[in-house]
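Enquirer: Annotation comment: TrEMBL describes A:496-507 as compositional bias 'Basic and acidic residues'. Taken from TrEMBL, the feature domain 'BING4 C-terminal' applies to A:348-426. According to TrEMBL, the feature region 'Disordered' maps to A:490-527. Residues annotated as repeat 'WD' in TrEMBL: A:268-302.
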Amino acid sequence: MKTTDYRPRKRVRISKKKLAKYNKGEGIDLKENSTRIKNEVIRQKLKKKEVVFNKTVKDTARTELLLTGDYGCLEADCGEVTIQYKQKQIVDNVDITAAAKRFTLNLEFGPYYINYTRNGRHLVLGGRKGHVAALDWVTKKLACEINVMESIHDVSWLHIETMFAVAQKDWVFIYDNQGIELHCLKPMYKVTKLEFLPYHFLLASGSKEGYLAWLDVSIGKFVNSFYSKLGKIAVMTQNPSNAVLCVGDTKGVVSMWSPNSKDPLAKMLCHTQTVAACAVHPYGTYMATSCLDRSVKIWDIRQLAGPMHSYYVRAPVQHLSYSQTGQLAMAMGNVVEVYRSSTDEMKPYMRHRADWTVTSMQFCPYEDILGIGSTREVSSLLIPGSGEPNFDGLESNPFQTKSQRREAEVKALLDKIQSELICLDPVAIAEVDTPTFKNKIEATKDILYVKPKNIDFKPRRTKAKGKGGTAKVIKTKKILKELSRKETIDMLRQTDTSRSDTRKTEPQKNYGILNRFLPKSNKKATR
Amino acid sequence: MVMSTDYLEELDDTEKDVSESHSKLLEAVSQLDKGQRVKKAERSEPTLEVSEFHLVKSGICDRDAVHVHDLAKTLGQKSHHHEITKNLQAIKRKIQVLPKPLEKPAADRIKRIVGFKNTKQELKKWNAIITKNRTAESLHFPLKQSSIKLDSSTEFVKRFRLQSDLEKELAALEPQKDNIEEKSDEFSLTLKEIIMKRKEAARIRAQQSYREAKAHRQNKIKSKKFHRVQRKEKIKLQLKEFEELQKTNPEAALEKLDQLDKTRAEERMTLRHKNTGRWAKSKQIRAKYDKETRKELAQQLSVGRELTQKFKKSNDSEEEDVGDDTPMQFLTSDKENPWIGNVKTESEIDQFVKSYRKYWDDQNKKSNAKVEIDPNKYINIKPKHLNTDLPIDITGGDDVLDDSEDEEKRRNVVSEAFADDDVVEEFRKEKEEEVKKAQPKDIDLTLPGWGNWGGKNIKVSKRKKRRFILKMPKDLPRRDENKGDVIIFEEDNPKIKEHQVNELPYPFSSVKDYEASIRMPIGRNFVSENSHRKLIEPSVKTHMGKVIEPMNEDILVKKNDKENRKFIPKRINKKQKIKRIKTIERIKTNKQAIK
């Protein structure tokens, strides 16, 4: 047998799925028959560029090889379910470092609000009665602890762990990690909610009187402030993918706000009653909302469509939080439940019964930890498989040293995104402003002796992406909707007629406008 | 004539010396006359010797010249004299007068044409390297860099070996071989070059003279028939060449075709061969009576027709024939009755219907599969009940319940009380209003009372409505059109517009292409380090302190070592060749179709 030792140097094959993940779509049309680029030399150059792009996609897909970590999860034995495992059982069975991450702080200064830094290393907690503490929660090293002698409504870290903002009775204050007051932001008056937009360096706030305000913390300038006409802003989160604020109001509407327009960018009617909580997936794909009528709904926030899922729970959900791996935590009174999303539905994963009513909740980034602030304590729960196992050191590094932090701060400032770019569609900046362009071309048509350019205005991205967005499909959708509605109406009618016969016997009193305060069974009858 | 000879004789007798000056005078007088401005061409050669064999200065007419045969006349009838005359006659027969040189502009033109052609050929050698540089992703200047091949450490150390005394002495004694070799090399090279250069120069000269001679000869020919024949021959030759080129070099063939088309177009543009010229008109008068002239005129017209005719491809005609074949066959099958030739039998019809039905069903199936609407998605999904734990009502002690908590509770109560208020209806109304607001309204430009009666309750006339109300397009597509209870406020965001591109940069003429060209992120946060460097590489790199010299011909020299050879030209195999030819033919047919 003769064997050849020579083997061509081959690189590891990349799966098509991975390539598709990093592929940025169709390239420039350079085919001889259909290309619009006439110059041969330039066409050659662009061809070479396309080759580089293809290589880049492959290289980037290949770097996934470096993501060695993989998130795990709890798996129940036969006849058991994961939901029945208590925190104590988990702590007993995990390694000592993980077990050390579960802790409870018994504190006395009222309901607590918590916030983790972006790298998940530091924790700031603020009690309603003025207690503020910042700590490295992994090593339990306290950075500062003060009492501001005022009521506190929310706390939030700024871009680094040396500064945090506290919404106090009247104004928002910024403290450093030693507890020294750095700034008092008087234009942010009676703030109830704080959010920090890390890429834009914006501190956003929603106030009791319904004002939304954005402060650029890098230059200390107020970007904008609007009256939202929504009443007290009690529910406010950011969509991390496009830095738009999602504000829930008492009418069940979630509205999306950017600092660039005094009207919201979009409004979604999510519930028929007050929105109690709202959380957005870290990748900006889903939004979960809950309502006082005990419903929880999951929405597709990219398409602004839905609900994808709709659930009824047994008690109204007051707080929601999404983990990096897509687990959803709900807090109802003193109960915290974590759900995993599988293919078509949410499956219960963990359940925890706290000692006190939960007032604030956040998954810790890059850790399998869910932080809870309640009326009398702050604690962290172990939720296996909730944190992203692979961190990007250039993006956010949990093991950051002081010098790295300084460097990262400078780099982040250099990469700062202007607040003007905040809009619903984060990739709009990479698109050509065709209406203006069309107008320009139209203007040249009127000029004598100037030949208007022959330009193809068709955009690269069509609105109906992937799925057929033709008019025909939409029509059929409408027809289907109409049909389903008719069916339900028919069903209702049938049931109504059967019911009405039985109920007509009881005479009812009519209270006029006050009927709405009657118990529901009576109400229907009076109508 | 007789008179003049007498007169000459008289002159001979009396004033022979004056003849020369007289002829000069005559010439001067004739110059005063404006009839002939251009002098007859003369050959003149400056020479110091004076003899009858040399050319003479101007001023002497041919009449005065003493010819050899004049001298021979005077010889007697002796045998050796006879021989001389014979020789002279033989010489006279052999003598060929050199052709008159071309006029200077014409000669220069030819020289220029040849020169241009050669320079063009010469410059072609740069094409490859220029295209390579122009299409290069990045250029490092200076272009010609010494190869950065690292020596192995042992080799590197070898260079620093100390020479022993003996070695030094030996080195001194040893003749410098290398230099000699180099010299011999140089010499041989230069000699070759010289020979090459000489050959080249000779070739150019020969070409030039040959062309001159040819042009001269052909200019002289006055026969129209000759020219006609020649032209026809030329066309034939061109066609032949074209056909040959089609097989060998399709691109060149295409160029040729263009050229031929051009001549046709020119012919069509001008009035040549249309019998509109002066000559034709004069002939037409005579044409009624003369058969010859009629023939000539007809010929002219036929030439014009021939030139303006399109080139027809032989292949095309063949194809057409093939296309015509099938129905012909069908017809021949029932020759008796051509009227029912197309009628088919019942079975045939049935078959057709069946197959068509099958086709139709298939199509429908396909289209159904494409749509694939899941009705469950669009009907409002039924909420599921999650079996969650019930919280214990913990108030957290009396001290926690402050006024804010109270307030929240109150709010909850209120919101529960208003639970059945039609929030949905309200929201839909808001959406409708928003849609209406976003729709552009018609612009009414009517002036009340203008061209009509004014006053109350007077309707605007239809004509006015049609003319003065600018109608805006209705029902512009909205993003939230089919999304249910979602309002998207579609105001143009002027702030982001400032940052967006609103003009396409040079090579792009389609928005799609431009957007595709900027689709790839280049930051190192998004792509791997290597790709990042590749993506941001500058197109031109220079090194500080290094002189960038212009390219010289050394760059053209192909390096022999295999390591430097990267580019291996692709060999075009037969299939590709055929494909190329086919595409060219297709282009041609397209062109003809356009015409």
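Backbone N, Cα and C atoms are what each Cβ position is placed from, and that goes for glycine too.
As the structure is a computational prediction, the values presented were derived from the model and not from experiment.
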Enquirer: Using a Cβ cut-off under 8 Å, which residues of the same chain at least 6 positions beyond either end of the repeat 'WD' (A:268-302) come close to it?
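Expert: Contacts of the repeat 'WD' (A:268-302) (Cβ under 8 Å, skipping residues fewer than 6 from its ends): 235-242, 246, 248-256, 308-324, 326, 328, 330, 341, 346.
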Enquirer: Which value does the mean pLDDT take for the repeat 'WD' (A:268-302) in this predicted structure?
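Expert: Mean pLDDT, the repeat 'WD' (A:268-302): 93.
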Enquirer: Could you count the residues of the repeat 'WD' (A:268-302) that DSSP puts in helix, in strand and in coil?
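Expert: Helix, strand, coil within the repeat 'WD' (A:268-302): 0 helix, 20 strand, 15 coil.
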Enquirer: Helix, strand, coil: count each for the residues of the domain 'BING4 C-terminal' (A:348-426), based on DSSP.
Expert: 16 helix, 25 strand, 38 coil
